[in-house]
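What TrEMBL says about this one:
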- 12-30: transmembrane segment (TRANSMEM)
- 100-122: transmembrane segment (TRANSMEM)
- 134-151: transmembrane segment (TRANSMEM)
- 163-181: transmembrane segment (TRANSMEM)
- 193-210: transmembrane segment (TRANSMEM)
- 216-234: transmembrane segment (TRANSMEM)
- 246-269: transmembrane segment (TRANSMEM)
- 297-316: transmembrane segment (TRANSMEM)
- 328-352: transmembrane segment (TRANSMEM)
- 364-385: transmembrane segment (TRANSMEM)
- 392-409: transmembrane segment (TRANSMEM)
Amino acid sequence: MPGPVNKRYWRGLLVLFVVLDLAFTFWQNYQLPLDGDLAHVALPSPAFVAVMNDPLGWAVLTKNAVYAAPNRFFAHAILSLYWKQVPHLLQYVVSPINSLYAAGALFATGLQALLLCTLAAYIRLGRSGPTGRWGFWLVVALLVPLFQTNGYNDEMGITDRSITYTFFYAAPASLLLLLFYPFYRAARQQRPLRLGFGQLALLVPLMLVIAFNGPVASAAALVVLLGIGVWWAWQWWSGPRAAAENWLSAQAMGLLAGLGALCVLSLYIGRNNAENTHDHTLWQLYQLLPLGVYKQLTGKLGMPLLVLGLLANAWLVRRARPSAERQWVWGALRGVALFAVAYILLLPLGGYRIYRPYLLRHDSILPVLLGLFYAYGESTYFLLFELRNRARGYYLAAVLVVATIFIYADRHVRQLNGDNAGERRGLVQLAQAPESVVLVRIPPNYTVLSWTPVTDSAASAVPADMLRYWGVTHGRKRYYQ
């Protein structure tokens, strides 16, 4: 590892690597077509008016109402606010059509940068490795190759090629990581959690936002809370004094209990989701789970490579010389493994979607993926400074090979239906249509704000309203293919 004289040089290289990767990620995201849910959520369409008028699902609790996405208010509200404001702001520097793709790329890339920095903050906290910015950027550089916009995105993508799914899955997961950070810091430093009024004023509303951001973040939070509860019970069983001296202060337990209550309430309200239309029994869903795990691990090289890397790291950590840091890393690896198993075992309770035939997909297991990324960064960073002499050189070479495989896999642009060139042509055709024309026929070999080609112009009513709102079209232009 570099000495003090070379730290600035290495830090500059690491920062350059991260910045170049994020720039390439932005370019990849800029090529993505607009998905078929975006306009319906942003406008919103009639199907989503109920959730926008009932943020906390009160109609479900009082009237047993059934409507779309009753526990996703903040996901819908954040997406709608962003897509009604940001494209207009970007139109000061780019065209209306380009503003749509730039808005999607900015959000997805910015969210990836936030997740990279948040995970790095978790890993760097309390470590005895290199201090200062150089250590932080080293962790970020270790994590960068794992974020796949294309290559292995179907198996382990954090941001989705559908921008709506990025808002609905990756965004609440990032908020959950931010929420848990003060608790993680208290546990890492072995100090009782003590938050000031300002921190509480941010944390408590954030709990509400996360709970009503959909089932994935709520379910992940409850699994973490279950693990904390089991750990606390074990501590108490070991001796009341040991339990009293840990980081779980009365304030921490009160906050975590409140979060748990909100998440349980959210999942209860989510039972009345009008989109839950499958007829599978719970036993049938559990029968799908083993095949889902198998397909997730054998689809492409990315997931098995990550899992094998983690198993190798676990073996090396287990053999490392005893120390407090080794004990923490080993505990983190075990904790992530238990979290992954518990979360996956609970997946059938979330129901069935036709686009997830075996329950597991990168979006449904996104909390597990983030846990695996954290475990990889935590253990790799530890081993890079724990191993000595020739062993360190061999290990560094192996890490570089793994990183190269991931980077090489992600080099191409491969989107939902190819790149967005076809959709752009369709939008240009709509934009250039005379104001008196209200119905436009566009070629059928690409999609425009839809999942499939639009054969009935009635299906384009909501996208047409959104395109008029964005200033892409002059007047309301419905279309068909």
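These residue numbers are counts, starting from 1, taken along the chain as shown.
Glycine too: its Cβ is placed from the backbone N, Cα and C atoms.
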Contact set, same chain, for the transmembrane segment (100-122): CB under 8 Å, 6 or more residues outside the stretch: 18, 22, 25-27, 29-32, 34, 82-83, 86-87, 90, 94, 136, 139-140, 143-144, 147, 149, 158-159, 163, 166-167, 170-171, 173-174, 177-178, 181, 184, 370, 373-374, 377-378, 420, 427, 470, 472
Touch test for the transmembrane segment (216-234) and the transmembrane segment (163-181), at least 3 Cβ pairs under 8 Å: yes
Contact between the transmembrane segment (163-181) and the transmembrane segment (134-151) (at least 3 Cβ pairs under 8 Å, separation 6+): no
Ranked first among 12-30, 134-151, 246-269, 297-316, 392-409 for CB pairs under 8 angstroms with the transmembrane segment (364-385): 297-316
Cβ contacts under 8 Å made by the transmembrane segment (297-316) with residues that lie 6+ beyond its boundaries: 146, 148, 151-152, 154-156, 330, 333, 372, 375-376, 379-380, 383, 387, 395, 398, 402, 405-406, 409
Highest-contact recorded stretch vs the transmembrane segment (392-409), from 12-30, 134-151, 246-269, CB pairs under 8 Å: 134-151
Long-range neighbours of the transmembrane segment (246-269), counting only residues six or more past its ends (CB under 8 A): 56-57, 60-61, 70-71, 179, 183, 186-187, 189-195, 203-204, 207-208, 210-212, 215, 218-219, 221-222, 225, 228, 232, 235
Same-chain residues near the transmembrane segment (12-30), Cβ under 8 Å, at least 6 residues beyond its ends: 101-102, 104-106, 108-109, 112-113, 116, 134, 137-138, 140-141, 144, 147, 149-150, 159, 407, 410, 413
